[in-house]
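Here is the structure we will look at.
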Amino acid sequence: MSSMKIAIAGASGRMGRMLIEAVLAAPDATLAGALDRTGSPQLGQDAGAFLGKQTGVALTDDIERVCAEADYLIDFTRPEGTLAHLDAALRHDVKLVIGTTGFSEPQKAQLRAAGGKIALVFSANMSVGVNVTMKLLEFAAKQFAQGYDIEIIEAHHRHKVDAPSGTALMMGETIAAATGRTLDDCAVYGRHGVTGERDPSTIGFSAIRGGDIVGDHTVLFAGIGERIEITHKSASRVSYAQGALRAARFLAGHQAGFFDMQDVLGLR
């Protein structure tokens with residue numbers, strides 16, 4: 001297999017640096033580009049400087065140049081940035097791995113439509129563990145569909161800008177689908193004041209922000225006399241980076257299509 005030429009968007013950020021480190025360590029991948037936001041003080045620096053390495057790849061804000069030199073773009077940025085990168089990827093036939101969260105439904109529709117022209121994987125969480133957890137939740141939701149209240153509690157670092165997290169929403173969507181509903185029909189986001197008794201048909205969400213928490217997610221099935229908790233905790237972003245590389249390898253066998261990590265891992 002030839003080496004995958006991979007570019008990283010948001011290259012100077014926490015996740016971007018982890019992705020660069022993972023690409024440099026992968027025997028089947030080459031760092032082909034490092035994209036950063038316009039105005040970033042890191043522009044022009046070597047992408048491996050934070051590791052004390054010289055990669056020969058400088059941080060740039062030129063998406064056209066990056067896409068001209070890469071075959072894959074891994075993007076964990078923000079929705080507006082990802083959509084701009086998507087346009088360039090379509091022009092240059094670059095395959096996309098998208099871990100960005102916070103998309104609106106119309107924006108998600110744009111990503112799905114792009115799958116008709118290029119190959120892309122979109123997932124709110126690239127971790128293998130989280131995606132196996134989704135299968136556990138699908139099974140549990142069917143068993144606890146009656147007589148159990150469902151709550152999703154997530155915690156992230158103080159810098160996270162969207163809530164609930166994309167992973168929490170993905171968990172809610174999985175549970176809702178397993179019980180024949182849509183999340184829009186049953187989600188309750190936070191509670192305040194006199195809320196009245198809990199509607200047993202709802203799925204509740206609570207979000208915690210603080211410190212350097214990488215990502216904790218717990219789904220609580222609360223019945224009478226017992227509680228079942230399914231929890232996933234991320235100790236570092238390494239699992240996200242390794243999952244993103246796994247997604248890129250999966251895309252090597254596809255010219256077009258819209259996929260998620262369930263497809264990548266063969267969990268469907």
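For all residues, glycine too, the Cβ spot is worked out from N, Cα and C.
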Gly10, Ala11, Ser12, Gly13, Arg14, Met15, Gly99, Thr100, Thr101, Ser123, Ala124, Asn125, Met126 show up in Swiss-Prot as binding NAD(+); which entry in Asp28, Asp36, Asp87, Asp149 does that record put in the same site?
Asp36
For a quick check of understanding: among the recorded positions Arg37, His156, which residue's Cβ has the most other Cβ atoms within 10 Å?
His156
Please identify, among the recorded positions Arg37, His156, Lys160, Thr167, the one with the smallest Cα-Cα distance to Asn125 (NAD(+) binding site).
Thr167
Counting other Cβ atoms within 10 Å of each residue's Cβ, which of the binding-site residues Gly10, Gly166 comes out lowest?
Gly166
